[in-house]
Every structure is written in C-alpha cells, then in structure tokens.
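J.: Feature list, courtesy of TrEMBL:
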type: COMPBIAS; residues: 304-314; note: compositional bias 'Basic residues'
type: COMPBIAS; residues: 315-325; note: compositional bias 'Polar residues'
type: DOMAIN; residues: 9-36; note: domain 'C2H2-type'
type: DOMAIN; residues: 37-64; note: domain 'C2H2-type'
type: DOMAIN; residues: 65-92; note: domain 'C2H2-type'
type: DOMAIN; residues: 93-120; note: domain 'C2H2-type'
type: DOMAIN; residues: 121-148; note: domain 'C2H2-type'
type: DOMAIN; residues: 149-176; note: domain 'C2H2-type'
type: DOMAIN; residues: 177-204; note: domain 'C2H2-type'
type: DOMAIN; residues: 205-232; note: domain 'C2H2-type'
type: DOMAIN; residues: 233-260; note: domain 'C2H2-type'
type: DOMAIN; residues: 261-288; note: domain 'C2H2-type'
type: DOMAIN; residues: 289-316; note: domain 'C2H2-type'
type: REGION; residues: 302-325; note: region 'Disordered'
C-alpha cells in the first residue's frame, strides 16, 4: 500500500505544500529574499542554516562526506552522492527530447537547453543569459569581483571552486589527469587536453591571415602579432618592445646582468637557455649542423650559416670567372 506524505503547510506565495512548518519557513525566504543566517568569517548570508553550514566548510576545509569507493571527501552530502555515480555509472536523469541520460540534474538541464534554446537567467550587468541559476551566480562574480573560495595553504582567493581545486594541486602535487597515449599525468584537465594534441596532431586554432594552425590558442595569439606588428611587451629601461613576454624577460637580462643558466660541466653562467645549450656542445663535442656542400659540421647555427655563405661566395666567384673566360 502506497502512503502519501501528509503536507498541511501551504505557501502563501505559490501553490507548494510542505510536511513541516520549518521547511515552509525556509521555502518562503525564496520569495522574500530574506537571508538571516550570516557567515562569521565573511559577509555572505543564507536563507537556511544548512546552506550556512555547507558554506562554512569553505573556510574550515572540513569535508565530512567520504566516498566509499575512493579516497575523495566532500563538504556536502549531495556532492558525494553525485560523485558516487562516477563509480556506479548510474545516470538517473533522462532527457525527454532524446535518449541521453545524465548523472546530475544540472547536466540534464544544461543539455535540455540544446533542444529548447531557453536561457531564462539573465545577467543584470551585461547581456548574457544562462540555462541555470547557478551558472548565472557564478558569472555574476566576474562583475562583482567576489572571490569566495580561499586557499587553505596560501592567501589566494578564487571566483570559482574549480579554480581553487586546480590551484590547490600546486601545493599537494596531485596530478589526477592521465594521458591515454603516454604515462604522463597532469594537474588540470585543460593541460591534459592540450597535451593530447601532441599525440593526435590536432591543431584547432587557425590563423585567419596565413592559415597556419596551432595546438594552443595562446600560440595563435602570439603568432598573429607577426601580421599585426603588435609588440605589447615594452622594456622599462630602454625603448625596445617585444611580441612575446618571454623575449622581454630574456632582454631584461642585458640590463640586469642576470645569468640564471649554469653549465654543469664548468663554472660558466649564461643569460639564455639556448646559449647554454650551444655552449654544452664544447664539452660533449656534438656538432648537429652539417654542411650540405662538404663534410664539415658545426656546434652552433651561426657558424654553420657563416660557413655556407663561404660556399655560396665561392660558387658565385667560380660562375663569374667562367663567364669572362
């Protein structure tokens, strides 16, 4: 026999009913906007005590909900519940438009917008709209500058929890993302994605001016400056500007005299890594630059180029001599 829960408490603002008066009171605050529960560690307020308790764990670092399948712990029971589905493979949320199923309700809502195109949550600071209220809340922090997620290891704060998680791995050394093509591990999913392109040879970022493609967006951005002539990195000690930040960093060493690269074979220091690499060949005897005209080889590119020019001059002289005979 099916027993239906008795819900005598009706909301005066909408048609919802509740089994307990305290649940009704919490619900009413959705309509009134009242947030009587304030965090003692920051200026955030909440409509119910459980939401405050969950939030407080951001500050304390407490994670009382442990996964029985792995060593991960969580601040909230519902986060643990969602995480457990990774292990069980359970996908209880099914799309009514297609046969796709999802482990989380938020993922289903996000997916459903593909079919409906609906984005009911609009930002009051800009013209962006979102499929979920939680996505709008996260986005709003870009405008307000709010950074509620603080690192327990250092003083850094973050706008998004995902950014804090990624940052924390700098301290813990955790690298949970493994490459399926090689044995390398990474701290961030985005870095793994970029790395994977080494194996797949995928280059999704194409230059609109010369059609050269790149694996990383920032490399395309740097490349584009060849066409635009933009040199945004200016030396504060002279009038030189550079296309790349790394080039400015290297250039500054002319002014500072800094030589951070030491030879492991002798006591010499160098301002550039490439100069050290060339120098090491004195010790190893390596000569990777082979002349295509004779059997001579060189340890550095400039000597090789200089030598090739000798052949070219000699060839030019011989050709001229033959003409005047």
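Every residue gets a Cβ built from N, Cα and C, even glycine.
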J.: Counting only residues 6 or more past its boundaries, what in the same chain has a CB within less than 8 Å of a CB in the domain 'C2H2-type' (37-64)?
T.: 26, 29-30, 73-76, 148-150, 152
J.: Going by DSSP assignments with H, G and I as helix and E and B as strand, what are the residue counts for the domain 'C2H2-type' (93-120)?
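T.: Within the domain 'C2H2-type' (93-120) the tally stands at 12 helix, 4 strand, 12 coil.
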J.: Over the domain 'C2H2-type' (9-36), what is the model's average pLDDT?
T.: 86
J.: Do any residues of this chain, six or more beyond the ends of the domain 'C2H2-type' (261-288), have a C-beta under 8 angstroms from a C-beta of it, and if so which?
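T.: Non-local partners: 250, 253-254, 297-300.
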J.: Going along the chain, which residues at least six beyond the ends of the domain 'C2H2-type' (121-148) come within the CB cut-off of under 8 Å?
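T.: Residues packing against the domain 'C2H2-type' (121-148) from afar: 42, 44, 58, 106, 109-110, 112-113, 157-160.
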